[in-house]
Every structure is written in structure tokens, then in C-alpha cells.
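To start, the structure itself, in C-alpha cells.
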Amino acid sequence: MRLRFTKMHGLGNDFVMIDAISQKVTITPERARKLADRHFGVGCDQVLVVESPDNPDADFRYRIFNNDGSEVENCGNGARCFAVFVRQRQLTAKSDIVVETAAGLLRLHVLDDNQVTVNMGVPVLAPAQIPFVTPHEQPEYPLQLDNMEITISAVSMGNPHAVTLVDNLASFPVKTLGAQIETHAQFPNRVNAGFMELISRQEVKLRVFERGVGETLACGTGACAAVVSGIVRGLLDTTVAVHLPGGSLSITWEGAEKPVMMTGPAKAVFHGQVKL
């Protein structure tokens with residue numbers, strides 16, 4: 001069969017979008033891996049699938065496959081693309097969209113110029129729920145890598161994140177240390193590794209080594225986790241501009257039991273068909 005798809009990106013974090021409602025298709029991990037292959041497939045960081053929801057409170061089900069075929073709980077940049085995609089495909093005319101994910105419900109609000117605000121939910125700091133193996137919850141934790149010890153914060157935004165403060169982000173060995181953090185034994189489900197440089201209380205730079213993907217141009221959940229970690233440490237204000245290699249996001253968090261709000265762009269690049 002021929003599969004219709006749309007290529008989209010959120011700040012360079014790129015996606016193959018699949019409408020599995022108007023075309024009957026099942027995306028398996030193997031199919032996702034082939035679609036995501038940049039040499040032999042379409043090529044992307046993640047494959048995002050629109051399905052009919054099981055939850056009656058949701059408009060759609062939102063599934064996320066990394067380019068290694070693994071299915072994950074959440075993707076913030078993908079959520080913005082998802083909201084724009086379902087409107088462009090005329091699957092809905094709503095500007096407020098509720099989607100069902102493996103991590104729960106996400107609420108998306110489409111603004112002008114394809115800017116989207118995503119209610120990313122309340123961040124989780126309890127180690128057992130991230131999951132992160134440690135005796136007690138703390139703002140910071142030591143983490144022993146191959147040849148050094150670093151300090152991290154551990155946050156779940158529906159998916160696990162370890163955030164490290166660095167002095168010079170441009171020269172920091174993100175790929176080397178990111179790979180060690182991703183597969184660290186204290187994170188039983190692996191982890192996304194974020195590296196944050198503070199500019200001011202309202203502005204940071206961030207690079208993210210994503211679980212199952214590697215370093216990407218942008219990571220929405222990573223930006224949220226980084227801001228939460230900075231606020232918990234007393235280093236950041238409630239609204240922060242996060243500058244990623246692919247562009248900038250605005251992240252707001254008003255503290256414990258409050259949801260994190262993320263605003264940023266989503267853009268369609270091209271439409272196509274591929275033989276499965």
C-alpha cells in the first residue's frame with residue numbers, strides 16, 4: 001500500500017506525520033524505524049501517528065515512535081506539530097484540542113501563525129515515578145559517569161529527563177556524556193539528557209540528547225524539564241525563554257502542582273506518499 005504522510009518540524013526537530021484515521025494503516029515499531037531512516041526512508045527524529053482515541057474526553061490519540069522504533073510517552077515539539085497537522089488535514093476545526101498519550105491527556109491551543117501553546121501537565125519530581133533510582137527526592141543528585149561525577153536534576157514531563165548545568169554549552173561534550181547519561185543504570189527506562197547554560201533568570205540555552213534518538217535541534221519536553229529544574233533550584237523566574245539549536249520556546253511554570261505551559265512554532269515542510 002501507499003502511505004500518505006506530511007513532513008513537519010518544530011524548531012528543526014523533524015517528524016513524519018501519519019493520519020491513521022482517514023487511511024487505514026497500522027504503524028509498527030519496524031515500520032516507524034524504516035520511515036524514520038534518513039538514508040533508506042523518509043527521514044525524521046520521530047514518527048507521529050494520529051489515531052482515534054480510546055478516552056472519550058480526547059479528540060485524538062497521539063502516538064510517538066523514535067527513529068530507532070521505540071514508542072515513547074510524550075514529545076512536546078511533536079505535540080505542536082500534531083495540533084497544526086490535524087487542522088490542516090481538516091480532521092478538526094477546533095483551536096483547543098485534547099489528545100490522548102501514553103502519559104495521559106495533553107491540551108493544545110492553536111494560536112495565530114501556527115504558534116501552539118501546549119499544556120504539558122504537572123511535572124513529576126518524585127524519583128520512583130520518573131523513574132530514577134535514588135533513596136530520597138532532592139533538587140539535585142550526584143551521578144557517576146565513566147570518568148567523572150556530574151550533578152543533575154531529575155524531572156518527568158511524561159518522559160524522563162536528567163538536566164545538567166554547564167558553563168559553556170557550545171564546547172560541552174553533549175554527545176559523549178549524553179550517551180552515558182541516557183543509558184545510566186539509575187534510569188531503568190533510559191533518560192533524555194539536557195544540558196543547560198544560564199544567561200539570566202529569564203533566559204537559558206539548552207542542548208538535549210534524546211533517548212533513542214541522539215542530540216536533536218530542539219526538544220519541547222526537555223525545555224520544560226530544564227526550566228522546572230532551574231526554578232526548583234531557585235535559579236529561574238516563572239517564564240523563561242529557552243534557546244535551542246533550532247530556535248526558541250517560551251516556557252512558563254508557576255510552581256508545585258501547576259502545569260508547565262510551552263509555546264512555540266510548528267511548520268509543515270512537504271506532503272508525500274511512500275510504499276510500505
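Counting begins at 1 with the first residue displayed.
Yeah, the Cβs are placed from backbone N, Cα and C, and that goes for glycine too.
Of the residues proposed, Asn114, Asn189, Asn192, the one Swiss-Prot records at the same substrate site as Asn13, Gln46, Asn66, Gly76, Asn77, Asn159, Glu210, Arg211, Gly220, Thr221 is Asn192.
Taking the mean position of the Cβ atoms of Asn13, Gln46, Asn66, Gly76, Asn77, Asn159, Asn192, Glu210, Arg211, Gly220, Thr221 as the substrate site, the remaining residues of that chain whose Cβ falls within 8 Å of it are Asp45, Ile64, Val72, Asn74, Cys75, Gly78, Val208, Val213, Thr216, Cys219, Gly222. Every protein chain considered, the tally of other Cβ atoms within 10 Å of the Cβ of Asn77 (substrate binding site) stands at 36. In this structure, Thr221 (substrate binding site) is part of a helix by DSSP.
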